[in-house]
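Under the heading Zn(2+) binding site, TrEMBL lists His46, His182, His186. What TrEMBL lists as transmembrane segment is 29-49, 61-79, 85-104, 111-133, 139-161.
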Amino acid sequence: NTVSNLIFILPPIYGAIQTYKDGLEKRYLAAYFCLAAVGLGSWCFHMTLKYEMQLLDELPMIYSCCVFVYCLYECFKYKNTVNYPLLFLLITYSFVVSIVYLNLKEPVFHQVMYGTLVSIIVLRSVYIVLWVYPWLRGLGYTSLTVFLMGFFLWNVDNIFCDKLRALREKMPPVVGAVTQFHAWWHILTGLGSYLHILL
């Protein structure tokens, strides 16, 4: 589960380098760096299993989604302008979610707030690939499908964790390793998120 976070770290670093070389807007650099931050935070959490490191995993998920929302809602604007009202709204959302989550310490709250942002991202992306840039449908649907496959495996792992663990004990180590669905959640959502930034 630790090493599987490399998919969140290495491709975004490459993407950031290419973004800089191509002279693209800073919001895309922010998107790549935020995705890498999620991977680094998740790496630290899965390596230590400490609560403080869990926050480094979960809170950047909120922040990176806010950056993705900003990028998606700014894709039809004039180059190098800033939408201050949207920026203020997303920073406020991040701040409020952080404060409430730090006080509540309730995973379901985080999941709902994260799910809300992901839903906004998906709806906006579907709008873009259906009505604005239809030639991007393949990339849009691929990124969404890969991400949703990861989400599906994460749920399977959460629901059937005890049964899967018992089953892995009976398997050869290599087979048991590739049935770590939480690791697949990292790989698939990391790849799906990277593809979404490309979109």
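Each Cβ is built from the backbone N, Cα and C atoms, and glycine gets one as well.
A quick note: this is a predicted structure, and the numbers were derived from the prediction, not measured.
Structural mapping of features recorded in TrEMBL.
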residue: His46; record: Zn(2+) binding site; contacts (Cβ under 8 Å, 6+ apart): Asn1, Thr2, Asn5, Asp57
residue: His182; record: Zn(2+) binding site; contacts (Cβ under 8 Å, 6+ apart): Asn1, Leu153, Trp154, Asp157
residue: His186; record: Zn(2+) binding site; contacts (Cβ under 8 Å, 6+ apart): Asn1, Ser4, Asn5, Ile7, Phe8, Ser42, Gly150
Folded-back contacts onto the transmembrane segment (111-133), same chain, C-beta under 8 angstroms, at least six residues removed: 58, 61-62, 65-66, 68-69, 72-73, 75-76, 97, 101, 139-141, 143-144, 196, 199
Other same-chain residues whose Cβ falls within 8 Å of the Cβ centroid of His46, His182, His186, the recorded Zn(2+) site, in sequence order: Asn1, Thr2, Ser4, Asn5, Ser42, Gln180, Ala183, Trp185
